[in-house]
Amino acid sequence: MVLIRVLASLLILQLSYSKSLDDGAKESAYDDEIQQSSWGNSTVNTTLTETVVIQLIMGGSECYKSKHPFLVYLYNSAGFFCSGTLLNHEWVLTAAHCNRDDIQLKLGVHNVHVHYEDEQIRVPKEKLCCLSTKNCTQWSQDIMLIRLNSSVNNSKHIEPLSLPSRPPSMGSDCTVMGWGTITSPKVTYPKVPHCVDIKILHNPVCQAAYPTMSRKNILCAGVLEGGKDSCKGDSGGPLICDGQIQGIVSWGRFPCAQLLEPGVYTKVFDYIDWIRGIIAGN
């Protein structure tokens, strides 16, 4: 019976998707910096004509400060725009579409309005996108390594996250986190990172939600009934399963956290040899 209900839901989604295309709905990337003035508990109105956006956390709650020592805050003169994950004392993993000319990286941060004693700030020494040191493709290979200009010191609130030892199993319980919006379609940016527990979803669900999308090197994650998702502003942050980074927040459909419309994540394990080779100096 459960299988029948899932298949019926997928059929409904396919029909809804086809109708949205007939009605002129558009799938594309939606990307912008998040201005510092929008931080806090105020709600910011935005005009969104796109159905795909960079991702944020919805349906979750504030992360415990001690539970995200690997989470990196990426910002520039325009404000916060992405998150990243500390892999070791000099390398951060994020999404390729988070590439900017003037990136700064803050480690050991929780509340964006509070300065912490062990907080550290770095800038990139180099940025590397998969298969190219110059051209960062945004969606087909949405992964980027940033080498820091100087090593960071581990502390109570700064510590690397492990790379995956194996790919995640379908149905795995995972956690995604970030400083992205906690409401949609209106956006509300929190002062602190939020965490939400979601699952790695089976390929038929992903195929039904995004029938024209290549499923190579990506994961779909969320909950079938909706209500929990990454959303606008969470891009580049980690999807963590069993204490390892298995995904990088990439994109999804807007509004976020809808029925049978999961978030899309770069599958880190598919790039594990490239990541290890770069870090090893190859």
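In case you wondered, yes, glycine gets a Cβ from its N, Cα and C as well.
Swiss-Prot has this to say about the protein:
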{"type": "SIGNAL", "residues": "1-18", "note": "signal peptide"}
{"type": "CARBOHYD", "residues": "Asn41", "note": "N-linked glycosylation site"}
{"type": "CARBOHYD", "residues": "Asn45", "note": "N-linked glycosylation site"}
{"type": "DOMAIN", "residues": "57-280", "note": "domain 'Peptidase S1'"}
{"type": "DISULFID", "residues": "Cys63-Cys195", "note": "disulfide bond"}
{"type": "DISULFID", "residues": "Cys82-Cys98", "note": "disulfide bond"}
{"type": "ACT_SITE", "residues": "His97", "note": "active site, charge relay system"}
{"type": "CARBOHYD", "residues": "Asn135", "note": "N-linked glycosylation site"}
{"type": "ACT_SITE", "residues": "Asp142", "note": "active site, charge relay system"}
{"type": "CARBOHYD", "residues": "Asn149", "note": "N-linked glycosylation site"}
{"type": "CARBOHYD", "residues": "Asn153", "note": "N-linked glycosylation site"}
{"type": "DISULFID", "residues": "Cys174-Cys241", "note": "disulfide bond"}
{"type": "DISULFID", "residues": "Cys206-Cys220", "note": "disulfide bond"}
{"type": "DISULFID", "residues": "Cys231-Cys256", "note": "disulfide bond"}
{"type": "ACT_SITE", "residues": "Ser235", "note": "active site, charge relay system"}
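Feature map: annotations from Swiss-Prot on the structure.
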residue: Cys63; record: disulfide bond; Cβ neighbours (10 Å): 20
residue: His97; record: active site, charge relay system; Cβ neighbours (10 Å): 22
residue: Cys98; record: disulfide bond; Cβ neighbours (10 Å): 26
residue: Asn149; record: N-linked glycosylation site; Cβ neighbours (10 Å): 12
residue: Cys174; record: disulfide bond; Cβ neighbours (10 Å): 22
residue: Cys195; record: disulfide bond; Cβ neighbours (10 Å): 18
residue: Cys206; record: disulfide bond; Cβ neighbours (10 Å): 20
residue: Cys231; record: disulfide bond; Cβ neighbours (10 Å): 30
residue: Ser235; record: active site, charge relay system; Cβ neighbours (10 Å): 29
residue: Cys241; record: disulfide bond; Cβ neighbours (10 Å): 23
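Under the three-state DSSP scheme, Cys231 (disulfide bond) falls in the coil class. Here the candidates are the active-site residues His97, Asp142, Ser235. The one whose C-alpha lies nearest to that of Cys174 (disulfide bond) is Ser235. Among the listed disulfide-bonded residues, namely Cys82, Cys220, the Cβ with the most fellow Cβ atoms inside 10 Å is that of Cys82. Around the Cβ of Asp142 (active site, charge relay system), the same chain contributes Ala95, Ala96, His97, Ile248, Ser250, Trp251, Thr266, each under 8 angstroms and 6 or more positions distant in sequence. When the recorded positions Asn149, Cys206, Ser235, Cys256 are ranked by how far their Cα is from the Cα of Cys82 (disulfide bond), Ser235 comes first. According to DSSP, Cys195 (disulfide bond) is assigned to a strand segment. Listed in sequence order, His89, Gln120 are the same-chain residues six or more apart from Asn153 (N-linked glycosylation site) with CB atoms under 8 A from its CB. According to DSSP, His97 (active site, charge relay system) sits within a helical segment. Mean pLDDT across the domain 'Peptidase S1' (57-280) comes to 91 in this model.
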